[in-house]
Amino acid sequence: MDLQRSRWQQFTTTLLSYAIADNAYRMMCSELNNHLILISGESGAGKTEASKKILQYFAVTCPMTESLQTARDRLLLSNPVLEAFGNARTLWNDNSSRFGKYMDIQFDFKGIPVGGHIISYLIEKSRVVYQNQGERNFHIFYQLLEGGEEELLAYLGLERDPQLYKYLSQGHCAKESSINDKNDWKTVSNAFSVIDFTEDDLENLFGIIASVLHLGNVCFEENHQGRATVPHTHEIEWIAKLLGVHSSVLLEALTHRKIEAKTEEVICPLTLELSVCARDAMAKAVYGRTFTWLVNKINSSLVNKDFTKKTVIGLLDIYGFEVFDKNGFEQFCINYCNEKLQQLLIERTLKAEQAEYEMEDIEWEPIQYFNNKIICDLVEERHKGIISILNEECTRPGPATDLSFLEKLEEKVGKHAHFQTRKLAGPKGRKRIGWMEFRLFHYAGEVTYCTKGFLEKNNDLLYRHLKEVLCRSKNSILKECFLVAELENRRRPPTVGTQFKNSLSSLLEILISKEPSYIRCIKPNEKKEPSQFDDFLIRHQVKYLGLMEHLRVRRAGFAYRRKYEHFLQRYKSLCPDTWPHWHGPPAEGVERLIKYIGYKPEEYKLGRTKIFIRFPRTLFATEDAFEFSKHQLVARIQATYKGCLERRAYLKKRQAAIKLEAHWRGALARKEARRRKWAVQIIRKFIAGFINRNKPLCPENEEFIVFVRKNYILNLRYHVPKSVLDKSWLTPPGILENASDLLRKMCMRNLVRKYCRGITAERKALMRQKVVTSEIFRGKKEGYAESLNQPFANSRIDEGDINPKVLQLISHEKIQYGIPVIKYDRKGFKARQRQLILTHRAAYMVELAKIKQKIEYAALKGVSTSNLSDGILVMHVSPEDNKQKGDAILQCEHVFEAVTKLVVLAKKENLVDIVQGSLQFYISPGKEGTIVFDTGPEEQIYKDKNGQLTVVSVRMPS
C-alpha cells in the first residue's frame, strides 16, 4: 500500500511539473516572449527532481530534428554532471544541491530547443574539506572510487575505500544504501562523451579530483621551532604529478608564506594550524574554480551558433531553505537567497496584484493579509546590514575575529526585531543561543547561526605563494582557472558575501525580465521516508510560503490581464471591425472586439491600459475561437498563396509547352520529309526492279528480287500445309518456281517424317490390319471405300461388358478383340444377340454367361461374305470336326474390321471368300443351307418361301 501511494505521489508530482512546463512552453510559442519557471522549497522538498522532470518534458514533447538531437541530449545530460560535482548528501536530502543553478533553454521560432546557458551560484566549497556527522562530500569523489576502472585509479594513485581519505570520512557515512555510486558513475561517464569532453579534458579533470583527495591526506607535524613540516611526502609527489607542478615548490608553498614588502619578498614559515588552513584553502580553491570551469565547458557545448532571435524558458533550481543543528556561513547565504526569492514572489504576485488593480482603477475586494509579517518582512535591510558588517570586519586593519564580528552585529543590528544574540535575548531565549551564535527570524522560521568561521569563509583567501604554484601548473584546466594575470593584480579580491550579493542581484534582474511560473515544493517529513506526511510540518510550510494568501488573491481577482495593444494584436482576427487593421485607440478596439465576441459584464473589466478577464473559461473560449480563426486565416492565406504559385507555374509551363510544341512540330515535319523522300526512292527502285524482274540479277532489279523473295517467304509461313493429306501450296512468282518446288518437297518430307514418328506401335498394328483389309476387300465388296476413313479399334466391347463367368472360363486366354453380333440359327434363321470374342486360339460365341460356340482356328475352314454392302459373314468349320455344331452365320456393324481381325488372328488371310448371288453353309453332316444376297430399296433379312435366308441390301452409288 505504501509503495502504491509513493508511486501515486511521484506520478502526481510529474504530472504537475509537466503541466506547468507545457503551459510555459505554449505561452512562449504563442506570445514569443521569455518565460521563467521558479522552483522553490526547503532542502529535500524535491526541487532538483522537479527540474529534471521539466527538462525531460521539453526533450520529449518539443519538435526535434536530427541535427538538433545533440543539443537536446547535452541539455539533458548536463544535469547528472552538475549533480555529481555540485550535489551531496546532507541530513535532510540524499541529493542536495550545494550550489544554485539557473538554466536558460533556448528555442527557435519553431519551438525547437537549440541551445542553453547555465549560471551557477555559490558552490559550498567548505564541504570539500569538512562535513558534518551523517553527511557526505560531493558525489563525484565517491563515484570515482566506486565506479572508476582499475587502470584509472592506479593512474590517479587512489584506492577504492573512501575511508582512507580524510576529506571523505569525516561524516562517517561514505557508504549509503540509498545511493548507487557505481551506476551514477556510468551515467556521468556517458554524459561526458555526449557533452564533448575530450580525453585530455577528462584526464586533467580526474587528476584534479584525485589531487584534492591526496591533498586531504597530507599530514603536518610541528618541529622544535614551532614550524610546520611534512614528514611523509608520498601524497605531495602524487599531487605534483597530477597537477603538473614541482613537488618541492608545492611542499614549500604549503609550509611557508610569501610576504611582499615594497620591493622585497620575505618567505616566512607557517605554523601547524596555518599550514592546515593553507592546505584546505588550496583544496577549496582548486575544486571551486574547477566547478566554474566545468559549468563554462558545458555552456560552450550548449551554445547555439545561429545568432537569430530566440526565446528562452529559464529554469531556476537553487538550494532550499536550510536549518541544521549547526548552521554556518553557507546556511546564512542560502537562507538569504531564499528570503530574496520569497520577497520577489510576494512583490510579483500579491503586492504587484494589488498595485496593478489600483493603478488600473479596477474595483475589487483587497485581501487583508498584505500587512502580514510573512509578506512585509524587512529582509533586505537586515541581511544587507549583516553582510556589510561582515565585509567591514574582513577588510579593516587590525585583528578581526568571529567574536568581534558578533559584537559589531549586536551594536549595529541589535535593535532589529528579527535579530537576537545570547546577550540581547530574554531569559528564556538565552538558554538556546550560544556565546558565538546569533539568531534570525526568517519567513520560514527562526535559525541560529554560529559565527565560527564566518570571517575565514567570507575572505576565502588563498596565499599568494600557493597561487603562484597553481598558475604555473601544466594541468590545462588549472591553467584556465588560475591565470598569471591574477598575480599582477595587487587589489584585494571581493569577499564571498559581496560576490554572492552581486550575483543574487543579477539573478533577480534576470527573473524580473521574464514571465514567471512557480513550482512550490513541499517537504512531507523530516525523515526522508516515502508515504509519510507530517501534518504540522506541511501546515508550517504552507503558511510561511503564503500559499493560502496567493489562493485568496487569485480567487478574488482576475485570472488574466493583458495590455490593450497586445490583446488586440492577438485576437483582432475574431472581429470584422478590427481585422486586419484597427486605426483607432486600442482601448476602443478591444471594447468593440469583446462585444462582438460576446463577453458578459461580470466576465471582464476594462482598466486604463489593460483588459482584465476574471474567469479562465472565458479566456479558454477566446483562445479556442482564435485557434479556429487562425486555421481559417491560414487556410485562406495558403489558398491564395498556392493559387499564386499555381498561376506562376501554369504560365511557366504554358510557355514551355508552346516552345516544346513548336520544336516538336518542326522535328516531326523534318522527320516526315525525310520519310517521304526515302519512300520516293524506294518506290522508284521497286518500279525499276519490277520492269527488270525477268533479267538476270543486276543492280537495277536486285532489291526488288530480294523484296519479292522475302515477301514470298514471309507469306508462305502462313500457308504451310498442316498435314500429309493437305495438298495446298502458295503459288510462287515466276522467279521463285524452282525454289518453291524444293520447299514444297522439303515440307512434305518433313510432314511425312513427323507423321511417321507420331504413330504408336498399337496404331501401326491397326494400320497393318487396314492393309490386310485392303488386300481382301478392295474392289470386291461394296462399302469398302467408305470404311477407309474409319480407323480400326482394338475392341468394340470393353472387358467390363463381358460376363465375369465367361471371363473366368476363358481366363487362360487373352482377349484380343470383341464385338456385338447377331447370330442367325442355321435351321430357322432366328436372330439372336451374341458377343463374338476372339483370342489367340479360338473365336467364342457368348450369350450372357454362356459360351454357345467355340470355333478353334485350327477348325476354321474359311470365312465367306457377299460383295454387297450387307454385314453378313459366315464362319465355315470342318464337317469332320465333331465338336462343331456347324457354320456360324453372323451379322455385325463393322464387318471389314471383324473379318480382318478374325483371319489375322487365325493367320488365314487367304481363306476369305467374297461371293456373288448366294453361298452354301454347313448345317449338319449331309445337310447344307443357302443364303441368297440381293439388292433392294431397303435392307432386309428374312427366310423366303424356299427356306433360304435372303439378305437384301441397298445398292450404294458407284
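Just so it is clear, glycine is given a Cβ too, placed from its N, Cα and C backbone atoms.
A TrEMBL annotation is a machine prediction, not a hand-curated record.
According to TrEMBL, the features are:
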{"type": "DOMAIN", "residues": "1-627", "note": "domain 'Myosin motor'"}
{"type": "BINDING", "residues": "Gly41, Glu42, Ser43, Gly44, Ala45, Gly46, Lys47, Thr48", "note": "ATP binding site"}
{"type": "REGION", "residues": "504-526", "note": "region 'Actin-binding'"}
{"type": "DOMAIN", "residues": "781-955", "note": "domain 'TH1'"}
Original post:
Restricting to the same chain and to residues at least six past its boundaries, which positions have a Cβ under 8 Å from a Cβ of the region 'Actin-binding' (504-526)?
Top reply: 16-17, 20, 23-24, 27, 33-47, 50, 92, 100, 102, 119, 121, 312, 314, 316, 320, 336-337, 340, 344-345, 348, 532-534, 537-538, 541-542, 545, 547
Subject >> Helix, strand and coil residues within the region 'Actin-binding' (504-526) as assigned by DSSP >> reply: 9 helix, 7 strand, 7 coil
Subject >> For the domain 'Myosin motor' (1-627), mean pLDDT (0 to 100) >> reply: 83
Subject >> Other C-beta atoms that fall within 10 angstroms of the C-beta of Ala45 (ATP binding site) >> reply: 21
Original post:
Applying the rule Cβ within 8 Å of the centroid of the Cβ atoms of Gly41, Glu42, Ser43, Gly44, Ala45, Gly46, Lys47, Thr48, what extra residues of the same chain belong around the ATP site?
Top reply: Asn93, Gly320, Cys521, Lys523
Original post:
So for Ser43 (ATP binding site), how many other CB atoms are inside 10 Å of its CB?
Top reply: 22
**OP:** Starting from the Cβ of Lys47 (ATP binding site), draw a 10 Å sphere and report how many other Cβ atoms land inside it.
**Re:** 26
